[in-house]
Amino acid sequence: MRTPVIAGNWKLFKTADEAATLVSGLIPLVKDTTGVEIVIAPVFTVLDRVSKLTAGTPVKLSAQDCFWEEEGAFTGEISPKMLRDAGCSHVIIGHSERRQYFGETDETVNKKTKAAIAAGLTAIVCVGETLKEREDGIMNDVLKRQVTKGLEGLSSFQAIIVAYEPVWAIGTGKTASDEQAQDAHKYIRQVIKETFGSAPAESTRILYGGSVKPENVKGLMTQPDIDGALVGGASLKADSFGAIVNFGK
Ligand SMILES: O=C[C@H](O)COP(=O)(O)O
């Protein structure tokens with residue numbers, strides 16, 4: 001039995017006061033929700049403030065990225081240990097925006113993932129094809145490469161969540177159909193099984209991301225291999241994110 005995860009990726013939005021307003025609006029909507037792991041991922045600068053507001057609530061805190069070293073002369077970076085110190089339990093790794101704009105590769109994703117779980121964080125590892133890759137018929141090759149290389153050498157999958165985010169569905173309003181998403185999730189689970197074994201394939205939560213909204217979350221969540229959602233735009237408002245978290249009610 002895989003506990004569903006609904007994670008909100010705030011991306012580059014919300015100052016500290018705006019973040020506090022959003023969290024204060026969200027908590028009453030989700031404080032009694034059970035059976036769903038709730039995660040929010042604000043920008044680094046507001047983690048500490050949000051951590052104080054979410055303490056004692058079911059809302060867990062994630063960062064949007066991390067470096068793989070614990071400390072050192074790495075200007076501008078932030079380590080998994082420091083994220084733990086700031087109150088994080090999760091970290092998003094390899095989001096397509098980081099791959100596209102900041103040169104993230106399967107190798108850096110792998111290093112970051114290993115460092116994150118070694119520090120006691122749960123890593124939300126993102127994979128997904130571009131529209132061109134889908135149209136060129138190489139979607140499965142891309143997903144297989146991202147999953148096998150990104151997760152290569154892991155001794156445990158306990159602290160791994162995979163997020164499937166077709167790049168063409170992110171921030172575009174074009175959600176993958178329930179069937180398209182299910183097909184990709186099933187394929188990812190099969191790749192995990194073939195590469196890492198049946199136990200990680202069965203236990204690993206695979207989230208769908210890409211224009212998830214209160215209106216489409218239910219259909220996605222009824223698919224057998226979809227275990228939750230990584231939500232961008234709709235996580236920036238308490239009512240829409242609250243409604244997504246409460247998809248089962
Ligand atoms: O991390 C979240 C995804 O990139 C989805 O963003 P979106 O819900 O705005 O399409």
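Note that Cβ sites are derived from N, Cα and C of the backbone, with glycine treated the same way.
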Item to complete: Let me know which member of Gly56, Gly150, Gly153, Gly171 TrEMBL also records as binding substrate at the site of Asn9, Trp10, Lys11, Ser211, Gly232, Gly233.
Response: Gly171
Worksheet item: Of the binding-site residues Lys11, Gly171, Gly233, which one sits closest to His95 (active site, electrophile) when you measure Cα to Cα?
Response: Lys11
Practice prompt. Just jot down the residues in the same chain as Ser211 (substrate binding site), at least 6 apart in sequence, with C-beta under 8 A of its C-beta; none if empty.
Written response: Ala169, Ile170, Gly171, Thr172, Gly173, Lys174, Thr175, Gly232, Gly233
Practice prompt. Could you tell me which of these binding-site residues, Gly171, Gly232, Gly233, has the greatest number of Cβ atoms within 10 Å of its own Cβ?
Written response: Gly232
Discussion item. Which one is it: of the recorded positions Asn9, Trp10, Lys11, Glu165, which Cβ has the fewest other Cβ atoms within 10 Å in this structure?
Written reply: Lys11
Worksheet item: Considering all pairs of residues in Asn9, Trp10, Lys11, Gly171, Ser211, Gly232, Gly233, annotated in the record as contacting substrate, what is the maximal C-alpha distance expressed in whole angstrom?
Response: 14
Worksheet item: Taking only the binding-site residues Trp10, Lys11, Gly232, which have a CB closer than 6 angstroms to any atom that belongs to ligand 1?
Response: Gly232
